[in-house]
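The next block holds one structure in the form of structure tokens; read it before the comments.
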RNA sequence: GGGGUGUUAGCUCAGCUGGUUCAGAGCACCUGCCUUACAAGCAGGGGGUCACUGGUUCGAAUCCAGUACGCCCCA
């Protein structure tokens, strides 16, 4: 039967994925006879489409889950998405805008209907894409952070934390996104270094027409909100301004000149304009000096009436206009180009406006302490461990979490305002009413008298509950699922969200389950292009994920992503890596074709015992390494070990050793052993390359209904015959030596050669003769005491190898080569001798090291002797 | 500015508690091969003062200090 010469992923991927699903292999139920192995997916945005980061992240999760499943654990990978309040809302607003509808026109209820429609239509795309990658999630457990049960959990937690006194409402400086018209958490602000202008502006001193001071600012439009000028009291230049006032240019409003050491004398002119409403530091300074707060901006970034000028115009338009007007007035001293840090909204890319507003906050200190402890004491391990420091420093400097967002898409804050302006916090309007009646003593209040807070909660306020809420641990804290699956085992995510997701999950887990949510956190790197640039839509340097799968096969892409992906290091992605992955698939496929094509002859006795024993030993050694890599979360190294075992040891060495001559049959024992090896290799490869391995597994022999590779038992460790491994290394060196001679003299492999060996260890080499003869094409091997005349030779260890070759040897060249090698070896020996004659070394070094040095010496001496004899023979 | 972290072959990276797994892997490169599993392949090969400077030690890529450069986080 003919099998295609190249592996064709398209034909098999869909088939096996459907098959696995139908057989229920991805499903998980609590099973007391098995250990659970649980992973919760970092829920991708409901607005997202599969990108390289997802592919890397989910491939790693799938590898861990598939391996655990094969190890006989009850593997459960819970998928889902989060509602991404700001991103989704922006998406829906834009969609409505195209239809000429504004969100304010249709109101909250109607808007949310549109949002849900949008979610139903597009929200599942990314999960479908994960299936193409081979992700073995338990899809029946798919959750969404805004589905009713998950939302109930969020509200329940909010109310609980409020009652514990950890949630409060207050006016604070927040990061305001004037485009999304919402507050953002610090983590949602991206700071970029940009080129700006520093404007030097003159403020007249009140009552002194000829005197003025000069301030420097990057934001001239905010001068309209100034409420003071501040100077360092140590600044000798400005002592004469004590107790005076300055006039804000253009509007001539008088503001005090104050003194505070906060001001950096070196920056600008040493005079700082203070605008408490529009700068965090100024705000704090304002509190200290009791300054009024003058907020001159509307929520959309335009100026309001308090600014007096340019009312209704955008802040950036005003910046240009005011600079011009100041210049015309002679109050713009100069401008300078500078580079400074500006915050941008992660979602809308609008420049963030520090803005004072009434928000809800979660107090962090009490929650922080235990969450810091469990990472410090390694109850939770971060991989790689370098992130422990980062985690610690962030946690130690944590600030209260602004959890309210001025949006509609999300869980609405369960605070209800009473007619008198006070509020109650409750699970539902009925509870709120009861509380309100009690609080006011007014039994006539109705629900209509209560007004629920307009804002929703930060999306992370849902996601931090994820490992608990996906198992309904809030709704039903003792249910069998949460009891069995929680704490989960491993979490795979990006370092970027170590703080605002991972850390908070730890806090929530400890607060609500009294147990950590996971044991290991594996932090992947960022996928960059091969120039090291972060992949982004605007750069257009992100390859189409599904296109890659289409081109190289899911297995090829999975391995491609991992080939160069050490834990926690960024991955410089190059499509060539996927090509390498595809080539590997093809290599496996062809090894299978070879084996599949063999006919068995029951009458032949097994000539390959040595090769079979050798590969078994090789497999056992590699298996141990691979397991070690896995326990250290070195997934990329584990893959590389599998790759080399399959390609180098199995294909290039073992199969070549046992391969019968063309169209000759193979003996039953060899075939049997080889198929067993192949099956074990398929098992090791399966987590990385699920599709091709299942295809071969199913094709290689008849399988029963339940006999799938995806649930086959993971190999077990076995002992490795180290003596055999060592001797085979020697044999392989000899083969390589002969091939090297062939290459350098241009002798094709098809031309048979003879080999004469001068050795003290014939007994070791004899068993390997058939292998060496086969692989190096040597009809005859003989043992000699003297090298034959006119032969090419090489030395391995203390053994000399001669290939008789009339006329092929140029004695002069040969002599030079031998002489060179002799000199090198003598130098080497000298170094060893020097070490051994050093008394302090002999006394100080451990016996094992000494032993090795003596061995080195012996080997070198033997080699020198052999080389010298060869030289004499030549001349 | 504060903290973290790194610098090993052309590229991406291993290299644990100092000592033949100490200078390695994969890719790339060079040479020769369409040898009946695979040219998406086979065989062979050449590449590195382990950033720099000192120190500790019998012995340093490995430990310590400083310098240079890079990245990350925070301000």
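Just so it is clear, glycine is given a Cβ too, placed from its N, Cα and C backbone atoms.
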Among A:33-43, A:44-54, A:55-65, indicate the range for which TrEMBL gives the feature motif ''HIGH' region'.
A:44-54
In TrEMBL, which of the ranges A:534-538, A:539-543, A:544-548, A:549-553 has the motif ''KMSKS' region' annotation?
A:534-538
Counts of helix, strand and coil residues, the motif ''HIGH' region' (A:44-54), according to DSSP:
3 helix, 1 strand, 7 coil
Checking distant contacts: for the motif ''HIGH' region' (A:44-54), what same-chain residues at least six beyond its ends satisfy Cβ-Cβ under 8 A?
81-84, 87-88, 91, 119, 122-123, 125-127, 129-130, 133, 144, 494, 524, 526-527, 535, 542-543, 545-546, 561, 573
When secondary structure is assigned with DSSP, how many helix, strand and coil residues does the domain 'Methionyl/Valyl/Leucyl/Isoleucyl-tRNA synthetase anticodon-binding' (A:614-755) contain?
98 helix, 4 strand, 40 coil
By DSSP assignment, list the helix, strand and coil residue numbers for the domain 'Valyl-tRNA synthetase tRNA-binding arm' (A:812-874), in that order.
60 helix, 0 strand, 3 coil
